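Enquirer: Before I ask anything, let me first share the structure, which is written out below as structure tokens.
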Amino acid sequence: MPFIPHTEDETREMLDAIGVSGIDDLFDEIPDNLRCGDLSALGPGLWEQEISQLMQEKARSDGQPLCFIGAGAYDHHIPSAVWQLATRGEFYTAYTPYQAEASQGTLQLLYEYQSMMTELMAMEVSNASLYDGASALAEAVLMAVRANRKSKSRRILMPRSLHPHYRATVHTLVKNQGIELLEVAYEATTGQTDLDDLARHQGEDFAALVIPQPNFFGVLEPVDEMTDFARANGMLAIGLVNPLAMAVLQPPGEWGVKGVDIACGDGQPLGAPLSSGGPYFGFMCCTRKLVRQMPGRIIGRTVDLEGRVGFTLTLQAREQHIRRSKATSNICTNQGLMVTAATIHMSLLGAEGLARAGTKSHANLNLLVEKLTSLGEIEPAFSGPVFHETVLRLPLEARRALRTLAAHNVLGGYDLARHYPELGDNALLVCATENRSEGDMEKYRLKMQQVLASRKQGACATMAKFD
Amino acid sequence: MPFIPHTEDETREMLDAIGVSGIDDLFDEIPDNLRCGDLSALGPGLWEQEISQLMQEKARSDGQPLCFIGAGAYDHHIPSAVWQLATRGEFYTAYTPYQAEASQGTLQLLYEYQSMMTELMAMEVSNASLYDGASALAEAVLMAVRANRKSKSRRILMPRSLHPHYRATVHTLVKNQGIELLEVAYEATTGQTDLDDLARHQGEDFAALVIPQPNFFGVLEPVDEMTDFARANGMLAIGLVNPLAMAVLQPPGEWGVKGVDIACGDGQPLGAPLSSGGPYFGFMCCTRKLVRQMPGRIIGRTVDLEGRVGFTLTLQAREQHIRRSKATSNICTNQGLMVTAATIHMSLLGAEGLARAGTKSHANLNLLVEKLTSLGEIEPAFSGPVFHETVLRLPLEARRALRTLAAHNVLGGYDLARHYPELGDNALLVCATENRSEGDMEKYRLKMQQVLASRKQGACATMAKFD
Amino acid sequence: MLIFEHSKSGRRAQAQAPASAGSLSGIPRQFLRKHQPRLPEVSEMQAVRHYTRLSQKNFSIDTQFYPLGSCTMKYNPRACNSLAMLPGLVNRHPLAPDTHSQGFMSAMYELQEILKEVTGMSAVSLAPMAGAQGEFAGIAMIRAYHDARGDTERSEILVPDAAHGTNPASAVMCGYQAREIPTRDDGDVDMDALKAALGPQTAGIMLTNPSTLGVFERRIEEIAQWVHEAGGLLYYDGANLNAILGRVRPGDMGFDVIHMNLHKTFSTPHGGGGPGAGPVGVSQRLQPFLPVPLVTTDGDGYQWLEEQDRPQSIGRLCAFAGNAGILLRAYIYAKMLGDEGMRRVADYSTLNANYMLKKLREAGFDAAYPERRATHEFIITLKKEAKELGVNAMDFAKRLLDYGMHAPTTYFPLLVPECFLIEPTETEARESLDAFIEAMVKIRKEAETDAEQVKGAPYNLPVRRLDDVKAARELDLRWQPDEAS
Amino acid sequence: MLIFEHSKSGRRAQAQAPASAGSLSGIPRQFLRKHQPRLPEVSEMQAVRHYTRLSQKNFSIDTQFYPLGSCTMKYNPRACNSLAMLPGLVNRHPLAPDTHSQGFMSAMYELQEILKEVTGMSAVSLAPMAGAQGEFAGIAMIRAYHDARGDTERSEILVPDAAHGTNPASAVMCGYQAREIPTRDDGDVDMDALKAALGPQTAGIMLTNPSTLGVFERRIEEIAQWVHEAGGLLYYDGANLNAILGRVRPGDMGFDVIHMNLHKTFSTPHGGGGPGAGPVGVSQRLQPFLPVPLVTTDGDGYQWLEEQDRPQSIGRLCAFAGNAGILLRAYIYAKMLGDEGMRRVADYSTLNANYMLKKLREAGFDAAYPERRATHEFIITLKKEAKELGVNAMDFAKRLLDYGMHAPTTYFPLLVPECFLIEPTETEARESLDAFIEAMVKIRKEAETDAEQVKGAPYNLPVRRLDDVKAARELDLRWQPDEAS
């Protein structure tokens, strides 16, 4: 009986104490015809060595390819200390800090997290996390609709340059409340949001404009203009940002004349491993005046009976367990452990370390682009400035190139064909972080060179023999 | 400056406080001509990502072969909890518990360890660890020479069936004190110590007899007879045992009529990973009357000023930091962290879990032997009963077979030719633990079958293509 | 002390960033940050020391009994953590091609199958990132189902008054009105009220069974029949699934959709408040609407099913494929338990709860539903103590902390006054249960002689009771740089 | 509570052993155990909870300032731990063939080279498992050297009276007598006494430089010359190597052999008392005697050198190749520091020590060697406080614990009365140093007003002062099963 400490004697004694003859009796309120019990499809339990061997096989079968995919999940360096600390039992196995006195560790850490995020975003307040970037954006949209007193609109402007999965997620999460998302086009040359297309909505009633930075193409958006446009037209401005990029880029609180109203995004680049897409964490900051509209847990600093500083959950009147159907959101459990890691991560790197990671990523992308374009047939798809990710135009279908590269254990990027058919079949989104060495990038170049060469020779059949 | 927290301002202020103009001044008592400073051969420091990549490459290059080598280091299952707990900072980065009040965690754990080891060995007292099994045996020999009041001899009887590295280590560590090791032969048929050869020393003056269980061949020794022989001849009996095996085998405290005087060995099978041979830990138990002759730290239970139970280092008068040249040993730092792991390991498995691990290992070895001998040309070299390791006689040089198996990522065992030339070139020591699955053993059989087949065809050159 | 207070301007004692980072030359100046954020500047040791010591200020499963009702704070096997963090798994990019994903996808597929088996549902999606998102997905599927049939006038979701607050909140997020159904004195749903509430406007009902009152809803089959007859669907809130694993399955009770909280029933870590994972299972008729992505297999290998493969799907709930690392932990846990272990979870969590209930009653405490069996959790009401001794549930809760135990859930569900919702879980030994009961008796005795002492608790923790009113009125939600001086 | 007291007969709540283990059928009955050892029978959670809580009762580097003189309690980088535990490294069998060992062996070879460079010696063996074993190996090599030259009458090893207790103990283990050399009031060796002690019986001398008194032995070159002239060799106890990294090298001072404590200078964890690692470095003439195994390279790959390759070796010190996992951690640490980082270790540990010494003196505490620079550590004597206030070094030490700092090394070296040997290390920030000084001043003030209060310390720890006499007289070294009832 793994994890169940009862001895047979104890079980007997406890049943006697209860006054029943067997465990079955404890389920006697369940109608007979509903009782099941056969879970044999699950098979027998494995002991730790067996499950360990099984998981190692699974892990091995996925290999450890050289990864140049970004597209919303970034392979940054995470200090060893981060997860060694975050998985300490006292963090890992605690729950939501309902009993503040017994949870000062988690509560203080969350307060520190809120402080760090507001600094990074140059915003006034932060919550203690949401699920992921995509759902955080959905919460921001809902919040904007609730909070925008100037507008009764349930329409939102959302650039097409924004992560397609994010747009899909927001749609799922808001459509049932009658909220509508309107696309803003991007410029075909720069890859930035088309300000003219945006200007078409001048004077129209929208609850909010979403502004990604960088956008899904890795391109930097004209965030000042977009923020000011929103403000001028009675829309709330929602910044959707890569938080690591904010160590070097203008933070949303400083965009345009007055900054955005809400900043959100995915915290993954701050200490969460790629981990097949999750758990990551969504973050959200806003202006002080919107704080009571913000979803999620918020931690406040206060004092105890003896005047000592302490930390506690606050503004709980917004939350579902108090307000029920009138809550700001149904969110409850969030991503505490990931925030624990992120807080430790930010402490270890500091502003300087984050900036260096960002700068090195940018420099690495430049180097990668240089190497790939030096092959002669590859060129950048957009002219807008980029952070650590960019779109390349290949002389062949991205899908085909990726397949061959993957056979050589290089994950060459993300194929844009499905979500951006207007870019054709040859557009490839590539990313480089500070974790990629020059040797890694040279390897990519060499493999891509082989891809290009073999395409010319029309010798696809021989590709499998490369190495 | 990794790990050095001083800012430039602080450094300046601290130098000013000291009253010197620069850090160089702090070294002004060092004669000029001795000063160096150039360590450039070390190269520039690596940041964590770089060292991480380097170590991953090294780890990858050593592969993760299927291992059937034992020979003193055994691949047992270690519960995940063991090292997650042992590497908690409070255990991992504490030091020897000199300040008992600030070290109750480590001290209580060591007391629990002592309790577990005495139970496992059926001995009266245990110390808190030595370095490894080989050096623990050397310490046991030195202790026996000190402690044996009936004998003035500096001679020790040591079976040839004992681990050759252990015998070499003991020799290194005791020879300068004029202590002599005499070999006792083993029986060519059973692989057990030759009791007739032992009987030749009847009535002679020896300080001690060392009794391995199992011996290096994996064979079980006639420990009752050997212990009684030692007692009858005024020798101390030193048991050298595999501690995991003691979960199923008669423990040294119960050998013969009165048990051994000293039991020691390597604690590796109790939670230490193979880790290229270390760190493991040596353990030592003895009878209560010998406790003051025992080397190493010992923890005692006592009370504090308020009568509360507490734990402390005790019998320190034996130790080098008090007795200096008259100490029982020069040992100082021991293997605290490994003992931490072992204590947690034993708590998690319990007597039943250890016994199952041992039993399964034994059963797996039997299965492996069955599979290999079923190939027709391989047979056990000895007839004595074995625990989880045994010697097989191959129809070819063990060295050659091992080389080919290794090329297929199977580490087939340990070649006995160098240390036991009398066994010829074809004797192979193989081991199976509970970590080996039936599939693993079948893989070994298949690869060995290929080795045998190719030998018949004299087709060595084609071996490299196997798979 | 805050981490910011360990900071010193110019301190960079870490090995965590590249020494030479190159330049930002590709980025025009107007896009760049003008001044650095004021994050802590500390050495690696300072950070390690600070967070190690902070952690020690927490109660946790790894250190304390934590009978927090409705949260299923059971032991989180350490193997789940280390195996889910194996390099090949923890470094896998979510958009890696199928060629580099078969190991991961096989685990996800098997987990879908396990969850189907355990719940009796026809299909499972692992996408929801937490229970509340699972609830949303469930109700959104109910809506999609009605919409697909052209049955568009249904506007209400029925919710018992004992339900988790997430239930009505989720219903509202899907554009429904939540309508409360009262509970009877015996803890079951008021069937008359239910009947009265049902109608053509009924989209469905959300039920937790066992309910948050710690009792099994005995007339569940009748409820299912009535709701279905009214054209509504049944949603099962899986928060209390731990109570029935292998004993009874939501699918067999007649539910159409269920979410599961893997951080409860499948023992993934609670992590100081998440991450959770909230997979949803559905009956045959809701299958087309499951959120994407799903994992399928053609026998040869595993493939993702996405929007284009599932045109009726309610869509995507997250950027990628759910909280994969948590799903892996749940998979590992399920594999370690196996069929027999899984079933015993319900058996022993129920045994523990009934034992505690009995012993507490013997000690003179009042059960909220004295005629009922406890399930995996149960409620006592401290109304009597509050009235007679002037010491309420909150006081008991805080004083329990002093005795080294986390408090049960207090004041939830809302309909029981001075409520303690107690869930011991199956992984606690009897010693813990007895120690809790003993502490409760002691606290009552303390209250009899000195109520003020109990009302002043806790005393042995890093802080005493905190001023929540001040926290909410004088919002202090972040460290301010000027505190540094 | 002991783990045994959580035990319950028949409890097996772990997933840690195979369910079906087969039988012991191959083993005759007389070899089998008759009754099981009474090890704890606890659930995985109980063990995790017990040891998590036990750990919290420790002071450690990760939680406290730990200025334990001569122990170099500096920060242990977390990367060293995680990288040394990479599966390919942590699972490598010590007898794996070279084909499966090149990664590991390359790290060992490079570590040998790094240690040579840092110490100025000609060759290094990584085999010794701790400092004391390194000492043994060093003296054994000195003996082997003399023996190999037929110079067999040398019987004495000279040891300054300030030396670590291991020094004379190690000399004795090698069959030598240890002869003490007194120290002068300025902390240097008494050269007259040294001269008088040298002779044809002199096998060598063991020195720590900087000495345990926290000062640099200024006449080291002269000492080397004299000892060499007498036919003896010089042994360097590397305990204090942290003080001179990149500043001066033992090889350049004239030493013939040195051991290093990697758990000090190279920051491997102290682990509650080990494991350490004590590699030895030697000058040219001692090379043949180095303990085996060694790693060498032919440019193409790495190979082991063992007994058969090294006929003059003093032999084997351990079953395999030393504390490999610790050696890996040291290698990782050295690679992260690099040349510049390595040098700064000495600079900043020395800066910290001199700063503390200065500040403590300004605060009125007495330096043991007021005319000398501090090295990486220094001594203050609390003789005055003991006499005037009746509060001795032990009392200060215990009271420091209450202030959340580990005590310095007390009463060592033996020749300084009421001695505090203080080693802050380079990884501590000035805040820690200042806090320590402040605490010392406070304690003295406490002593002035209420000495008994200080003498009763500590108060804030899990236990107060322990009865060591009782511990030694009424030996209680193990839990007894009959306590269980």
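Cβ atoms are placed via backbone N, Cα and C, with glycine included.
It should be emphasised that the depicted structure is a prediction, and the values quoted were computed from it without experimental measurement.
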Enquirer: From D:1-27, D:244-270, D:352-378, D:406-432, which range did TrEMBL mark with region 'Disordered'?
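Expert: The range carrying the region 'Disordered' annotation in TrEMBL is D:1-27.
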Enquirer: What count of other C-beta atoms do you get within 10 angstroms of the C-beta of D:LYS264 (N6-(pyridoxal phosphate)lysine), across all chains shown?
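Expert: Result for D:LYS264 (N6-(pyridoxal phosphate)lysine): 25 neighbouring Cβ atoms inside 10 Å.
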Enquirer: Count up the helix, strand and coil residues in the region 'Disordered' (D:1-27) according to DSSP, in that order.
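Expert: Summed over the region 'Disordered' (D:1-27), the classes give 4 helix, 0 strand, 23 coil.
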Enquirer: Can you tell me the three-state DSSP label for D:LYS264 (N6-(pyridoxal phosphate)lysine)?
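Expert: For D:LYS264 (N6-(pyridoxal phosphate)lysine) - judged by DSSP and reduced to three states - the answer is helix.
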Enquirer: Within the domain 'Glycine dehydrogenase C-terminal' (D:348-449), count helix residues (DSSP H, G, I), strand residues (E, B) and coil residues, in that order.
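Expert: Helix/strand/coil tally for the domain 'Glycine dehydrogenase C-terminal' (D:348-449): 52 helix, 13 strand, 37 coil.
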Enquirer: Can you count helix, strand and coil residues in the domain 'Aminotransferase class V' (D:153-271) using DSSP?
Expert: 36 helix, 29 strand, 54 coil
